[in-house]
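Undergrad: Got a structure for you, written out below as structure tokens; questions coming shortly.
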Ligand code: ADP
Ligand code: MG
């Protein structure tokens, strides 16, 4: 035997210790999840071996049938979960079982609701599944040997789940990991094989790896002549049999998979504790062959709008796990989609770089995008009330993300536009589709009008809307951050132009009668001197001053030239630290407004001009460039 190093003691990272306390003191109401978590780790370990085995076939040693074994020992009061996967080195055991690499723990702690059931579900979501073993065990022994490492270099890790753990080097013949749980006295029912089988079926049936338990046979002793027959019992044999169906769920025929199985697979895949809103499962044939199983979650992750947000697609090649978060398989604007893609055409050693260039990957990405959009559209169109509810929830969670697709995925722009819903000047609810809007357009109306602002309230009260309200023309209200940017890419829907009411001059076309047009011309003529004076006063702030009919109650408003960035978008970009082109807005004045009428004769022309301009800035959600000067001017005007 090789020399054995003495065992060494280590302390858990403070966060782990805190977590362990929590696990053992408040998650005891749903203890059975420990099996799901440990089996999922074992299955991950086998996936990792398959992956490393591509370049290192020697890692398989003589033991290529990957499996998980669950064994029960009533005498020792232990339940052992063994795998012949990748295994752990001593260093890996210390690092991976003693610290929490992800910063998720704090998040985890803050999310706890006190409801044990949902709290217990959270534990898996935050990558702390291993510690769930301590819900049922007061001591855990881990024995492991890393693939490719000498049998003398195994490791034993022991902890009682409080502050410390102990690590020593051991001799271990078999590759992989045994997790030995020494059950708490009140958890001995997990030694009953029927119960363990039940739990495996419930949580882990779809795991693509066989999960085996020892086969048991019924044994009954012959009773002697004249005696009562003796009670029989199940006795374990040396044979192992799979207790799960062990076929990767996505490889099964749709008709053979139940709704519960789809949901359970999703939960396992994502560690989401809520069921998904919808899913699509298809085998796609043609030049590129692949299977897609794609899910739409019911909630958006918190980081959905940050740069770190990752696509949740796992890539398999012929059932071999290749990588997580394969973001080339789904366009960025659908990054909320979770699931599995299994390709028959990609090479097993495909890298992220290769993925970027592959034509097959491009085909898969497009296929995935189309499929998801079809699923969403199906929900939107469905008459079923449940689907309607789902669509609403989908839209509230992911509508804004989806809009990014208008700028990213030109091929699907029309499809995306059909799915979008808006609040309008007539209806606060975000429920009007572009088709609905078109159906309600007034006679003579030639465009779909919309306004973008920082909030729905600001959009609704925007001065640019006044003439539309007066004439009873519906205007779409948009207040998502992405709207302004996304709408830059949209010029029409179904043959009807889309027109921002704050860009360019309002052209109401036939909605404006001859008299109104004449009145505008006359006002422009009458106000020529005032407009000139204003242009002069405000020459640093505006590009142009002109008379408008779009206003009813407001003295003035800002508009942007067609094709230029609006003040809101400029503000947003500036806040995000981006360099923005200097661009000045156009000031439009309302010749009917008393303040504007007063301008010409005002002794404080310059003050009034600047106040009118600053108010227009405020009305569309901005701040005067020099707030103190603004206040001073107002006060001075008030005093007069
Ligand atoms: P997660 O699975 O989300 O990474 P866990 O707490 O479940 O978090 O597991 C922590 C880490 O411990 C894993 O990432 C892995 O490195 C290691 N580990 C746990 N179980 C095994 C196992 N059976 N074989 C190899 N490594 C394991
Ligand atoms: Mg885990």
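Counting begins at 1 with the first residue displayed.
The backbone N, Cα and C atoms fix where each Cβ goes, glycine too.
Grabbed the feature section from TrEMBL, which reads as follows:
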BINDING   37, 41, 83, 96, 102-104, 125-130, 177, 352  ATP binding site
DOMAIN    30-187  domain 'Histidine kinase/HSP90-like ATPase'
REGION    1-352  region 'A'
REGION    572-640  region 'C'
Undergrad: Tell me the Cβ contacts of residue 130 (ATP binding site) under 8 Å, same chain only and six or more apart in sequence, or just say none.
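TA: Long-range Cβ contacts: 37, 38, 41, 97.
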Undergrad: Name, in the order they occur in the sequence, the residues of the same chain whose CB lies under 8 A from the CB of residue 352 (ATP binding site) and which sit 6 or more residues away.
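TA: Spatial neighbours, sequence-distant, of residue 352 (ATP binding site): 323, 326, 328.
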Undergrad: Out of 37, 83, which of the binding-site residues is least crowded by other Cβ atoms within 10 Å?
TA: 37
Undergrad: For the domain 'Histidine kinase/HSP90-like ATPase' (30-187), what's the model's average pLDDT?
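TA: That region's mean pLDDT is 87.
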Undergrad: What does DSSP give as the helix, strand and coil breakdown of the region 'C' (572-640)?
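TA: Secondary-structure breakdown of the region 'C' (572-640): 38 helix, 4 strand, 27 coil.
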